[in-house]
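Beneath this line is the structure, given in structure tokens, with notes to follow.
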Amino acid sequence: MSEHDTRVDAGAATSGADAATATPAVDAGSAVRPERRPRASTRRLLLTAAGLTVLAIAGTFLLDPYRNYQLALIAAYFCATAGLTLLIGLTGQLSLGHAALMAAGGYGYAITTNAATEAGIEGAARFGLGMLGAVAVSAALGLALGLAAARLRGPYLAGVTLVLVIALPAFAAVFAPVLGGDQGVRIAFDGVPEALRALIAVEQWQAWVAILVAAVCATALALVRHGRLGLRMRAGHGDETAARLAGVATGRVKVAAFAWSAVTAGAGGAVLCFVTQAVSPGAYTLAFSLLLVVAVVVGGLGSLGGAASGSAIIVLLPWAVGALTAALDLPADLGQRLNGNLAVLVFGAILIVVVAWRPAGLAGVARRAVDALARRRRPRSAAVPAGGPRPAASAPEPEASTEPEASTAPEASAPRTTEPTHIER
């Protein structure tokens with residue numbers, strides 16, 4: 001008995017040692033996999049952004065100068081709407097003052113580039129300094145709004161951001177020596193670099209710059225959205241109390257969200273100043289600020305693709321309405337009134353339709369279309385040769401296999417019964 005016990009104890013010890021040595025291997029593998037997944041997703045995201053940027057730049061060769069100018073405007077607005085959709089869609093904070101954040105970036109770019117021009121700095125260095133000035137000014141304003149957002153909610157926060165847009169003309173008038181008052185600030189013309197002057201026009205060069213800046217902003221926001229900060233934003237938006245109990249600093253998350261949104265909006269204002277060579281308070285009105293919100297809602301909250309489509313609607317819809325009224329050969333007075341108001345009416349109608357019937361916006365419509373196509377392709381791709389799709393028929397086979405085992409059990413014990421009878425003989 002003692003030898004048997006010692007053997008059992010030794011076997012248990014060896015099996016326990018094997019289990020102890022096997023467990024760390026599994027834990028090590030599970031610890032490595034979560035680190036590889038974010039790297040793979042980040043790499044995939046960067047490759048996707050690079051591919052889309054190359055396609056957009058290549059598409060400029062197919063457009064005329066005016067269409068390239070419109071594309072540059074879309075890219076500038078996309079910088080602002082991308083940050084706004086991240087702010088509203090992930091954190092639930094409504095900002096009605098993103099036009100003021102764009103104006104801050106535009107003024108920062110204009111003042112910095114003018115100072116660089118006076119210092120004799122030109123070309124890419126001047127543009128880079130201007131972008132740094134735009135990001136610095138808009139980030140400072142975004143941090144201030146973020147500190148207010150950490151304490152305010154709902155309509156109170158929206159009211160604070162709304163005040164910025166309303167006070168922008170007065171602020172520009174008070175600091176007229178720096179901001180230029182109602183006339184704004186003009187900058188030096190940034191032409192095409194000498195190496196590209198024989199290949200592209202000015203509008204195409206401006207579209208290239210705008211696309212590159214928009215690509216950087218969108219990629220940064222996508223990384224934030226899919227990272228830890230994005231998870232904390234969603235947690236605070238879903239249930240702020242539960243997020244605090246889970247250890248999420250919701251106040252810091254709100255400040256960071258406003259800062260990121262303000263930086264991208266400021267970059268959009270800088271690009272707009274680069275394209276138009278001027279910045280003034282008249283370009284960033286309350287109507288324009290509300291139009292950015294409409295673009296985000298119509299495109300789809302929380303979706304960067306929806307923000308891009310909403311930005312395209314902002315630029316292309318007024319042009320389409322103007323072309324339509326011009327084609328109808330209406331009286332001059334009626335045509336002027338329609339050009340100024342019909343686009344706004346169409347924007348309002350689109351917003352009502354989206355909110356009532358498609359709350360997810362254009363991004364949700366695209367998602368449903370992709371899902372519908374995937375469902376149609378599933379039966380065809382899942383088709384198997386005849387006799388293949390019958391897994392249920394093979395289920396009763398284990399029951400049939402158990403019956404012979406029961407019948408062979410006595411036969412297996414029969415040789416054991418013959419041994420005693422042979423011994424008795």
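Count begins at 1; order follows the chain as displayed.
For all residues, glycine too, the Cβ spot is worked out from N, Cα and C.
Features reported for this protein in TrEMBL:
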- 1-37: region 'Disordered' (REGION)
- 9-31: compositional bias 'Low complexity' (COMPBIAS)
- 45-63: transmembrane segment (TRANSMEM)
- 69-89: transmembrane segment (TRANSMEM)
- 96-115: transmembrane segment (TRANSMEM)
- 127-149: transmembrane segment (TRANSMEM)
- 156-179: transmembrane segment (TRANSMEM)
- 205-224: transmembrane segment (TRANSMEM)
- 255-277: transmembrane segment (TRANSMEM)
- 283-304: transmembrane segment (TRANSMEM)
- 311-330: transmembrane segment (TRANSMEM)
- 342-366: transmembrane segment (TRANSMEM)
- 377-425: region 'Disordered' (REGION)
- 381-418: compositional bias 'Low complexity' (COMPBIAS)
Tertiary contacts of the transmembrane segment (311-330), as residues 6+ beyond its ends and Cβ separation under 8 Å: 70, 73-75, 77-78, 81, 291-292, 295, 298-299, 338-339, 342-343, 346-347, 350
Result, the transmembrane segment (255-277) in contact with the transmembrane segment (96-115) (3+ CB pairs under 8 Å): yes
Interface check, the transmembrane segment (205-224) with the transmembrane segment (45-63), three or more C-beta pairs under 8 A: yes
Spatial neighbours of the transmembrane segment (69-89) far in sequence, C-beta under 8 Å, 6+ residues away: 56, 59-60, 63, 95, 98, 101-102, 203, 206-207, 209-211, 213-214, 217-218, 221, 224-225, 233, 257-258, 260-265, 267-269, 271-272, 275, 292-293, 295-296, 299-304, 306-308, 310-312, 314-316, 319
Cβ-Cβ under 8 Å with the transmembrane segment (342-366): same-chain residues at least 6 beyond its ends: 287, 291, 294, 297-301, 303, 305-306, 309-310, 313, 317-318, 321-322, 325
